[in-house]
């Protein structure tokens, strides 16, 4: 059985019925969908922080999680033990990627030098396990938000010593990424923002973080670290207002600071909701702007206004996400679906780590199957083509091709009666569109054996 009292998770389809717990009903890793294996479309990753470090605390209570490595009370002993548990979990789930923050994998020392020594010991063991299992690092990142020194930010801190420390910490993190062959490197600015504008020099802070990003890019080039750099937008929490508010804001920041050749975006479902957007909206913005890099797979709760990091189970959302991915051709150049998600506080058994990942993996596999069926039928493409058909000829075509002026538009419209203008509009039949998507979900998944 191994370290975890769970067998390897296998694909069973729908044959054993909906109550089969420890099996995939829709995720068939080697099944070819739209010209690629399912595993190559989805490129699932496990998040070290939520999976192995999360004790399932909440603001009103202590942790409830049962984890086998809690028997190790020394922080370094536990950190090293987690590596063995982690790689067995990856293999039993059939997941080929993982992600971590530097401070997830090893305890901090009193100085950066001591902390780096701790990291080296754990990275040695991670590297050995990567070589023996073939599991790869989707991305790594640096925790520049948990320690109290980052109370007012890291690369936007008003305290130069903290900025300098952040740079030193980031240097080591990039070296680890290079050593472990990370395909991406993520920057999430949890403390990069402000609590109050009265005491904040916003331009100075954003200029500082832009300089920081340029230094990181320069050092990555110096050491030959070729990972795709990614910014992960989030509007707030823990900071009142974060500078990487959403996809559009982050893209504008990159354009303003000459960073568009270096960065793309890592987008998270629950972060999109906090910014007042759907996950599909954020992916669409990034995709159509050429900045789609990778995805963090989770969801929020419609009734709760903070970052819940639930495992994704909403099929309507996973269909929308995978439809966008199909249009893009991939989740970015080297991206994947990292489960930045944790079991609920009441799901505290060891086995719930497996149950929750199975739920998320099946939800996205189902989303891919439905999106592929919609794509094959051209349902969305035909819907959009019909809606914008007035731009295929006449004045519409001239507008699309940039061949008109305001004077031309005035001349075209001056004598058109209201009745003719109203007649030019058409109903969207939105309720039928949504019903048809529901039908695709039901029908496409019914075809799975």
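Numbers here mean position along the shown chain, with the first residue as 1.
Just so you know, glycine gets a Cβ as well, placed from its N, Cα and C.
The active site feature in Swiss-Prot is assigned to 101 (among others); the stated evidence is sequence analysis. Listed in sequence order, 48, 49, 140, 141, 142, 143 are the same-chain residues at least 6 apart in sequence whose CB falls under 8 Å from the CB of residue 101 (active site). According to DSSP, residue 101 (active site) sits within a strand segment.
Positions annotated as active site by Swiss-Prot: 104 (among others). Sequence-distant contacts of residue 104 (active site), defined as residues of its own chain at least six apart whose C-beta falls under 8 angstroms from its C-beta, comprise 48, 49, 52, 53, 143.
DSSP assigns residue 268 (Mg(2+) 1 binding site) to a strand. Same-chain residues at least 6 positions away in sequence with a Cβ under 8 Å from that of residue 268 (Mg(2+) 1 binding site) are, in sequence order, 232, 233, 234, 295, 296, 298, 340. Under the heading Mg(2+) 1 binding site, Swiss-Prot lists 232, 268, 296, 340, citing sequence analysis as support.
Residues annotated as Mg(2+) 2 binding site in Swiss-Prot, with sequence analysis given as evidence: 268, 271, 307, 309.
When Cβ atoms from all protein chains are considered, those within 10 Å of residue 307 (Mg(2+) 2 binding site) total 18, not counting its own. On its own chain, residue 271 (Mg(2+) 2 binding site) has 232, 233, 234, 235, 246, 282, 296, 307 as residues at least 6 apart in sequence with a Cβ closer than 8 Å to its own Cβ. Other C-beta atoms found within 10 angstroms of the C-beta of residue 296 (Mg(2+) 1 binding site) number 25, with every protein chain shown included. With all protein chains in the displayed structure included, the most crowded Cβ environment within 10 Å among the binding-site residues 232, 309, 340 is that of 340. Residue 296 (Mg(2+) 1 binding site) falls within a strand when secondary structure is assigned with DSSP.
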